[in-house]
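Colleague: If you look up TrEMBL, you'll see 133 marked as active site, proton donor/acceptor. Summarising the annotation, TrEMBL assigns active site, nucleophile to 209. For 1-284, the entry in TrEMBL reads domain 'Glycosyl hydrolase family 59 catalytic'. Marked as domain 'Glycosyl hydrolase family 59 central' by TrEMBL: 292-406. TrEMBL lists 443-616 with the feature domain 'Glycosyl hydrolase family 59 C-terminal lectin'.
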């Protein structure tokens, strides 16, 4: 759920961000885009909707991943696409929190996503994963391969298991049928190392999720180091950064752990962070299908280099000299090492002996002045009789290449940053919405979608509806309630108003909230000020999403299948609530949290509708 806010940037800024990420020879010029196959459950910074909420339901226009893949392909038709589920809708497990009891159902569900990508969006998925950072089932993987082939998807390759090198490598060594169907072993955060069993499989080894580090210059140093050393130390021929672009509220978990930052669609502000240009050192001068040369890439004074060729005479060498403290990734811990200034001499042999000049691109991360030099073209290097030397400083990246196509593109400065609008409303009145979700709402448990009430006489034809009604096969501990947050985390004094419609009789219920302090993987421990009304006619004010810290309760007379207006007002340490414009409770003392988002949601996984949302 890390691209949530990207979709509602206005043009031209949205296209500029996408160009920096995907356009060849422009910025990051990415080779791979890996997306979540939405599973209606919390997957780190929010929930992403499934293409099949219910067993008899199929919809290939939900969420933003289809759009993102199409935008990437539009810019680079050769980009590789990967799909991986974090969670699954509840019906797949028939009530159990496990996707492998009915492997034929799970395989059908995943294959339908791949077929839908092609049928509705013209997208060819290249690789498919199993279950992000969770257990794999050999039986399921074999059945997935069989199901793919049965539907004419022989070209879709399987990557497993998006966790650690073991036990997948060991199991592949003893199960020849599994060895035959897994094309790539993908490990997460391998710390540039692999294991003997993985090498013995003879399969491609990938770091299929890595980086995850705050995108300042230390994050850039981390990224430069692992892009090279994942191959040098671990024989990995692909490294995939989580995440593409930080387009989610920064106070959610792992804020700004993207290659660039685009978390302000309301202002148009975005920032091309240094990891973008570190990426370019590799991606602008190599392509999928190039081969790494099998050289020992450790430099004597510390640092590393890799060399790649297209097999047609082109050569690209990438050198990094990142020091320990300037290249720490978020995980795993980094053992000590030292890097010193050095002169390195390279010898070109065989078909490369004839190379006379190499183009040079250079970055230097400057932690003293903060004025880093990023992706600058320097004078070409002359190669004399197959040899050349370079003086390498610390915290530098060099690309030396026979290619003359590199380019550092820059758009004019985007608008300056602005906080989320302090007066914001959404009536959800949109006949053909471009996306299934209303802008800026970040679902943290449950899924909130635009809905058309065909039966309504007029005031509430277009609404926002919570649609997840069975607990998904979760990836982390989703809340027992549903919740979507919006706005500025720094908000203190605030009025939230929303029309609400409880659909579930007897024990249904909904809330509006303010000063909401948590989300993402921590959603269960969310605190704030929550104003609830229930189908049984009662109301509550609580200090938490779980509803355990009761600040006030009483009778409201609200009923299900009728529209009501809730208003929550907080000034300083005092909160009050209105129902249909009349005071219902007042002078409730609230102390902590002192600030946070606005939010709306439901008591359980139940249908409910919201309209005319307003926050001030």
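From the backbone N, Cα and C atoms, a Cβ is placed for every residue, glycine too.
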Colleague: So what sits near residue 133 (active site, proton donor/acceptor) in its own chain, CB-to-CB under 8 Å and at least six residues off in sequence?
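Modeller: In sequence order, 162, 163, 188, 475 meet the Cβ cut-off.
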Colleague: Over all shown protein chains, what is the count of other CB atoms within 10 A of the CB belonging to residue 209 (active site, nucleophile)?
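Modeller: I get 23 for this one.
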Colleague: What does DSSP give as the helix, strand and coil breakdown of the domain 'Glycosyl hydrolase family 59 central' (292-406)?
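Modeller: Per DSSP, the residues of the domain 'Glycosyl hydrolase family 59 central' (292-406) fall into 8 helix, 51 strand, 56 coil.
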